[in-house]
Amino acid sequence: MPWEQVLTGSFLIALLTAGIRLAVPVLLAVLGEIITERSGVMNLGIEGIMLVGGLAGFVTAQTLEQATGIASLAAWVGLLIGLLTGAAMGLLMAVLTVTLKTDQVVTGVTFVLLGQGLTSYIFRRATGLLGARVTGLQSWAVPGLSTLPVAGDILFNHNAIVYLTVALVVLCWLLLFRTHWGLELRAVGENPAAADTSGLRVQTIRYLAVMVGAALAGLGGAVLTVVQLNIFTEGIMAGRGWIAIALVFFSRWHPGGALVGALLFGIADALQYRIQALGFKALPYEFLLMLPYVLTLVVLVWGSRQSNTPAALGIPYSKGKG
Amino acid sequence: MKNISTAWLHLLNRSRLKPLAPIAGGAIALMLGGILLHVSGANPLQAYGVMFAGAFGGTRQLTETLLKAAPLLLIGLGMTIAFRCRVWNIGAEGQYYIGALCGSAIALTYPALPSLILIPLMLAASIGGGILWSGLAGLLHLYRGVNLIISTLMLNYIGILLVQYAARVPLQQPDGFLPESAQFGDNAQIPTMLGTRLHWGFGLALLLVGAVYLLLWYTPLGFQLRAVGSRLSVAKCVGINTSRSILIALTMSGGLAGLAGILEVSYTYTRLKGDISDSYGFSGILVALLGQLHPVGVLIAAVLFSGLMVGAQSLNVVLQIPASVAQVIQALVVLLVLAGQAIARAKRDDAIPLVAHDG
Amino acid sequence: MSDDREDSNQTAVEMGRITKRFPGVIANQAIALDVKAGEIHALLGENGAGKTTLMNLLCGLYEPDEGEIRIFGQLMRFRSPKDAIAAGIGMVHQHFRLVESFTVAENIILGQTKGLWRDSPQRLHAHLQTLAHQYSLTLDFTARIWQLSVGEQQRVEILKALYRRARVLILDEPTAVLTPQEAQDLMATLRHLAAQGTAIIFISHKLKEVMALCDRVTVLRDGQRVGTVAVPQTTEQELAQMMVGRTIKRQRRTDPPERLPQTEPALILKQLSVMGDRQHLALRAIDLAIYPGEIVGIAGVDGNGQRELEEAIAGLRPFSQGELWRTGNLAHIPSDRYSMGLLTEFSIAENLVLRDVQHPPFQWRGLLRLAWIRKYAVDLVQRYLIRTPSVQTRAGNLSGGNAQKVVFARELTRHHQVLLAAQPTRGLDISATEFVHAQMVARRDAGTAVLLISTELEEILCLSDRIAVLYEGRIVGMMDGASADVHQLGLMMAGKTAVGHAQLADQTPSFYPAEADRRTRD
């Protein structure tokens with residue numbers, strides 16, 4: 001199939017719209033991981049946390065929808081439960097990596113296996129999850145703006161979570177760079193000894209950062225299952241957690257960069273679905289899926305060296321050893 | 001409560017009892033797994049009984065367990081070398097896939113070669129692929145300062161996707177519908193040993209247990225790798241070429257992961273597909289850790305991990321309990337052992353953070 | 001702060017009979033110190049005299065075993081640095097505690113903020129500018145720490161302490177890392193602060209600065225207070241004497257065998273310049289020649305380029321300029337046993353073969369000869385009197401003295417023509433020190449060229465045939481070991497005078513040995 005037949009206006013609009021939608025779960029996880037890593041802790045367990053959050057949210061939403069019949073309420077409660085489940089896993093992660101100072105890499109990898117195993121077990125064990133669906137959230141067209149040509153369709157005709165996530169990008173940026181909390185969070189990730197002598201509670205801040213990060217990952221998982229795909233299956237995150245970790249490096253720990261990276265991922269993802277569906281051969285879809293990883297490597301290799309990396313990333317802090 | 005925890009610490013502190021830490025962690029993990037089974041309406045004791053019988057209860061079961069242990073063992077041995085040098089290679093999954101790809105390419109390109117030539121060629125190609133894939137991360141680290149954790153992680157998925165592409169397009173079976181290569185000829189399938197169902201790859205892995213042990217404790221190279229892992233600044237000061245050591249440790253682990261890839265493809269799948277791993281690359285990391293970075297420990301850990309997986313499969317067949325419970329138990333064992341070691345280390349108060357060299 | 005002037009005779013800090021013990025050492029023994037508001041009070045003493053411990057007690061890092069601390073008359077008990085900060089104690093550490101990627105303003109306000117939202121930079125800078133103006137400190141608040149010179153970073157630390165309303169400011173060796181101009185600026189700032197009523201404790205080795213800046217001096221030696229004197233009533237000579245004590249025993253080791261006239265230097269440094277970690281010139285055009293059969297001691301206060309000199313000679317640090325010539329192999333006793341010399345997790349036997357394990361006789365056809373290594377280790381353990389249950393014991397379990405003996409055994413057993421020993425007795429007890437000294441003299445007598453870098457003046461005087469003084473990365477003097485004058489040496493170490501340039505010129509080598517192992521800029 002030739003390019004001209006693919007690259008039509010309506011195709012592009014549909015592609016961008018879907019790309020924005022697909023970017024959201026990953027974007028949430030990236031924002032969370034940025035907060036975590038800015039405090040100096042690397043949480044490599046995102047994939048597992050997204051899976052657990054996604055399952056918890058889906059089960060909640062599905063049960064509630066069955067019981068009440070109110071789909072939107074069920075979806076919102078499901079998302080909340082996904083968020084809280086993520087936070088709980090973050091707490092466990094923080095106990096291990098911040099208090100006990102276990103190795104962050106190994107702990108993270110183990111969390112992924114734990115999440116995979118746990119969700120797979122529950123999914124197969126719990127009868128009725130296979131084939132179960134939820135309604136999710138309706139799109140909400142922004143009054144006025146959604147009628148704009150092209151932009152209206154692409155930007156202003158989404159469900160509420162999409163708008164909220166964009167707001168969260170701004171909020172995250174404000175938090176990191178315009179509040180004292182953000183300053184203290186970053187100080188802990190850059191030089192915990194300096195933060196400590198300045199009177200900051202390093203371990204407390206790291207606990208909070210890990211929990212907030214994991215909560216957002218759990219929410220991202222729930223958004224994917226409850227709002228976007230409306231189902232849960234094994235391994236439904238399909239590496240989105242790892243993509244999120246890549247995009248944190250791609251973004252250089254900046255919410256704006258996260259938005260760009262997640263959109264790139266979303267659009268590439270949307271494109272590969274369509275290419276597969278159309279049987280378009282000129283561009284193998286695998287290369288589109290590789291794009292986020294390759295771009296991140298490129299940024300790491302050719303970007304100015306190590307700038308922005310939280311200086312204490314991955315290093316546990318013990319008082320008095322500064 | 002405090003007494004129990006101090007007794008536990010005391011136990012961990014005695015270095016002679018060090019192997020007990022994984023055993024104790026395993027016991028607690030089995031208890032937690034039992035709770036999970038119980039909550040989900042199964043009888044834990046019955047379930048564990050079925051699992052044990054399914055993994056070790058007969059020659060056929062044992063063979064299956066050992067077969068599945070081979071890739072875990074190979075990757076775990078590689079990780080042992082890497083981690084002993086404190087090189088964080090978490091890209092074993094990608095190196096495994098690339099190894100499988102390179103070996104398969106040989107098998108598919110020269111289908112007519114006799115087994116005695118073809119199989120060594122395939123193995124060599126797979127090792128080369130693993131070395132290449134890990135070496136790429138190593139060079140980026142040494143020349144551009146790219147964090148090894150992240151680069152090996154990125155290369156995982158790039159490698160997996162490359163294999164998926166290769167199996168779907170260039171290496172796809174002519175006129176096939178599925179994204180997989182043609183089946184290998186018999187000459188490209190690794191032969192079994194002495195009338196058992198165990199293939200020679202397992203024998204090779206067993207030999208490598210000895211080889212890695214020799215390497216680490218009986219050769220100057222292994223000595224230097226351990227010295228670099230023990231303290232980079234001292235190693236540098238006594239004239240050890242630390243960059244070279246890091247690269248060697250990294251590519252050795254990559255080569256072994258690649259070897260594991262072709263063995264699985266050649267024996268278990270007999271063709272290249274997009275999905276040829278049971279998260280071996282990640283489980284292998286945990287196997288190495290659980291085996292206390294000692295080749296014999298890794299052998300035991302690999303057999304136990306694979307026993308859990310194989311046993312869980314019969315759990316699925318006999319009691320219709322999902323096999324994924326094995327993965328949960330594996331993860332719990334590792335988390336508990338990590339926590340136990342961390343507490344013991346904190347008590348000893350000589351905690352050296354296990355960070356990579358650039359950390 | 002307006003009434004501070006009236007309080008200027010008030011006692012700001014009163015430490016009474018402070019004792020602090022660490023396992024095996026009494027770091028501070030019944031030390032008394034009082035500092036008045038508006039006073040600049042010097043704390044003077046050699047390394048290990050107890051200055052740092054005393055100040056760590058004052059800024060809340062440790063609690064004293066005995067004695068009491070009063071701040072402006074109030075009895076204090078500091079459980080953490082936070083308590084000390086709240087009481088008005090500000091500490092400027094030698095190694096700054098600043099977040100490199102943050103701006104100056106961000107570092108200053110860190111941890112001291114109220115409310116959620118940050119002020120606009122303009123408002124914050126205006127606020128800080130008032131504070132800075134009050135103390136005549138100039139700083140660019142928008143600059144990031146890594147862009148600043150060391151002197152500017154120090155000013156940030158000072159302003160940070162003042163922002164926390166410090167009434168007592170402690171500065172640990174503040175001029176050690178500064179250029180002379182920066183040091184001048186710092187002193188002007190400190191005078192200004194004192195004039196406004198701040199009590200300043202100035203920890204230093206440098207007599208000239210102390211004389212120029214301070215009002216009173218308290219001298220510590222071996223964990224005890226030698227005395228407190230008012231600067232106008234004392235001289236540098238007296239202070240030097242109080243500092244090093246009259247106890248320096250000139251226990252000369254045997255003098256070297258006569259140097260043969262035709263010997264050529266085994267180690268030559270020619271115009272060697274080396275950058276330090278902070279990207280400043282840590283060594284500036286060093287000229288040095290060391291002959292076989294002599295011990296050359298490098299005297300100097302810590303931080304004047306010793307570390308860089310050691311690393312440059314050991315090949316661990318590239319030169320920015322100059323040349324280094326060496327004949328034969330180098331035996332290196334590193335200044336930091338545990339981060340450079342020994343693997344604590346490895347056994348004694350493994351540590352003994354650490355450097356040459358890849359060569360015969362330790363390996364044969366790619367395999368380690370473990371039995372041979374063990375025998376070799378047992379032999380060395382006996383020869384070097386290393387006290388250990390076995391050669392398989394982890395090196396980390398050895399005492400400092402025995403650990404150092406392992407390093408000596410390894411390095412001296414190698415074939416070598418040059419021995420580089422940096423702080424070889426740091427942290428060792430008397431018998432281990434004796435052993436180390438005897439080893440070095442024995443090497444010297446056997447014809448090795450020995451370079452001893454030490455901040456222990458006593459050690460330098462005891463061992464050296466020639467003494468070079470390192471000050472701010474330069475060799476400022478060279479004298480004969482046997483006849484060296486302690487006070488003269490002390491003054492040179494404190495940067496007081498540069499003498500002996502004529503002798504120095506003699507040392508510049510005019511020829512280079514033909515077979516010398518030549519390393520140039522790398």
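Note: Cβ is positioned from N, Cα and C throughout, glycine not excepted.
TrEMBL annotations:
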type	residues	note
TRANSMEM	A:6-32	transmembrane segment
TRANSMEM	A:44-61	transmembrane segment
TRANSMEM	A:73-98	transmembrane segment
TRANSMEM	A:105-123	transmembrane segment
TRANSMEM	A:160-177	transmembrane segment
TRANSMEM	A:207-231	transmembrane segment
TRANSMEM	A:243-271	transmembrane segment
TRANSMEM	A:283-303	transmembrane segment
Worksheet item: Out of A:44-61, A:73-98, A:160-177, A:243-271, which stretch has the largest tally of CB pairs under 8 angstroms to the transmembrane segment (A:207-231)?
Response: A:73-98
Worksheet item: Given pairs 6 or more apart, does the transmembrane segment (A:160-177) have at least three Cβ pairs under 8 Å with the transmembrane segment (A:44-61)?
Response: no
Item to complete: Counting only CB pairs under 8 A, let me know which of A:6-32, A:44-61, A:73-98, A:243-271 has the most with the transmembrane segment (A:105-123).
Response: A:44-61
Worksheet item: Which residues, given as numbers and ranges, are at least 6 beyond the ends of the transmembrane segment (A:6-32) yet have a Cβ under 8 Å from it?
Response: 46, 50, 86, 150, 153-155, 157-158, 161-162, 165, 168-169, 172, 212-217, 219-221, 223-224, 228, 240-241, 243-244, 247-248, 251, 255, 258-259, 261-263, 265-271, 273-274, 278, 280
Fill in: Sequence-remote partners of the transmembrane segment (A:243-271) [C-beta within less than 8 Å, at least six residues beyond its ends]
15-16, 18-24, 26-27, 29-31, 33-34, 37-38, 44, 46, 50, 166, 169-170, 172-173, 176, 217, 220, 285, 288-289, 291-293, 295-296, 299-300, 303, 307-310
Discussion item. At a C-beta cut-off of under 8 Å, are there same-chain residues at least 6 beyond the transmembrane segment (A:44-61) that contact it? List them, or none.
Written reply: 25, 29, 32-33, 74-75, 77-79, 81-83, 85-86, 89-90, 93, 104-105, 107-116, 118-119, 122-123, 126, 129, 134, 136, 214, 217-222, 224-226, 231-232, 235-237, 239-242, 244-245
